[in-house]
Amino acid sequence: MSSKRAKAKTTKKRPQSATSNVFAMFDQSQIQEFKEAFNMIDQNRDGFIDKEDLHDMLASLGKNPTDEXLEGMMNEAPGPINFTMFLTMFGEKLNGTDPEDVIRNAFACFDEEASGFIHEDHLRELLTTMGDRFTDEEVDEMYRERIDKKGNFNYVEFTRILKHGAKDKDD
């Protein structure tokens, strides 16, 4: 009897596998945005994101990532990264228990020194020229009271505020 139950259970779970269910996690416009992001990263247009694609994409943004950093990014995937895997990885991250990490890691892609800061001019350029482009006014609003004296944006603190709210500060 227990083998029948196990068999029935396995059959029930099959339709809910990550590849078939991942497209149901997002609406059509979100999937389109992910596709645009995937295509931006897939520099050689072979339908897969590999280490060279990541390197070329980051180099196009003025970054020179180390081999170790690239390996770390690639090791987050259990196998080759085609669009379905890319979407699955984002789906798992976005529906995970700590979306704060997802946001922080998105900023960290542009923080070569892993300092927790991105210079305001560089971040403004990225935000106004890539993906869902921000207007200068939207960037100004995001920067309000968040740029230090050296002109750096503290994305670690910004992410914390996004997820947990601002702490009261006595200036």
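We number each residue from 1, going along the chain as drawn.
Backbone N, Cα and C atoms are what each Cβ position is placed from, and that goes for glycine too.
As annotated by Swiss-Prot, compositional bias 'Basic residues' applies to 1-15.
Marked as domain 'EF-hand 1' by Swiss-Prot on the basis of sequence analysis: 29-64. If one looks beyond the domain 'EF-hand 1' (29-64) by at least 6 residues along the same chain, the residues whose Cβ comes under 8 Å of a Cβ in the stretch are 23, 70-71, 73-74, 80-83, 86-87, 90, 109-110, 112, 122, 126, 130-132.
Tertiary proximity for the domain 'EF-hand 2' (98-133) is limited to same-chain residues at least six positions away from its ends with a CB under 8 Å from its CB atoms, namely 33, 36-37, 40, 58, 61-65, 139, 142-143, 147-148, 151-160, 162-163. The domain 'EF-hand 2' annotation in Swiss-Prot covers 98-133.
The N-acetylserine feature in Swiss-Prot is assigned to Ser2.
Residues or ranges marked as phosphothreonine in Swiss-Prot: Thr19.
What Swiss-Prot records for Ser20 is phosphoserine.
The feature region 'Disordered' is assigned by Swiss-Prot to 1-21.
The average per-residue pLDDT of the prediction over the domain 'EF-hand 2' (98-133) is 86, rounded to a whole number.
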